[in-house]
Amino acid sequence: MRRSILLFMLKNHGLSPLLLAWQHWIVLDRKLFHLINGTWHTPFWDAVMPFVRNPYTWAPLYFFLLLVVVMHFRWRGLWWIAFFLLTFAIADQLSVEVFKMFVQRLRPCHDPVVAPTVHLLISCGGQYGFPSAHATNHFALAMFMFLSFRRFTGKWIFVVFAWAFLISYAQIYVGVHFPGDVLAGMLLGLLIGGVTGSIFVRFIPLQSS
């Protein structure tokens, strides 16, 4: 396994206080993970959460959303779809190809300290988990939808954040991410969606046909 670039920098560039803070945070993160994944699990949610975090579960909703956007906003709807997909692509690539390779924090189900006690409900997935790509992607899309739709939907648009949070929480529950992975993904996703959403609203705002 390659050494984490982040830990190498903290150890070798006079950043010992940050390294100590990171280590304390890891301990707390593991405790919270065991609370969510272990103490709070029930047979009902054990059956539900794998479906909640499965992208195929939401595929019909995505298709319906894209169809409604095109029918209602016409050519601007096509631009919206392009930015929607761009937001997803940026979030996915940054979380997986950049940050996970930089931090190289093992998933709970790969962490030798935690793995023996993980209540794993799905296959473990890739080796590294920081940040959670699910959390990054869905919070990026949620923020993009919030910025682009809020003038049409009012306060109901906030439901997209509840949707993104539920999917992100499920990643902890099923045993493939620590809470810190999800929190980092949420923040990164909000930033990405905030940028793409602001650009879209500035240059190609949605207008009813």
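Positions of Cβ are set from backbone N, Cα and C atoms, glycine also.
The feature transmembrane segment is assigned by TrEMBL to 56-73 (among others).
Long-range contacts of the transmembrane segment (79-99) within its own chain (CB-CB distance under 8 A, at least 6 residues past either end) are made by residues 66, 69-70, 73, 126, 130-133, 136-137, 140-141, 144-145, 148, 184-185, 188-189, 192-193, 196-197, 199-200, 204, 206. Marked as transmembrane segment by TrEMBL: 79-99 (among others).
Taken from TrEMBL, the feature domain 'Phosphatidic acid phosphatase type 2/haloperoxidase' covers 81-197. Averaged across the domain 'Phosphatidic acid phosphatase type 2/haloperoxidase' (81-197), the predicted model reaches a pLDDT of 96.
Residues annotated as transmembrane segment in TrEMBL: 156-176 (among others).
Sequence annotations record features per position, and here TrEMBL assigns transmembrane segment to 182-204 (among others).
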Counts by DSSP class (helix H/G/I, strand E/B, coil) across the domain 'Phosphatidic acid phosphatase type 2/haloperoxidase' (81-197): 86 helix, 2 strand, 29 coil
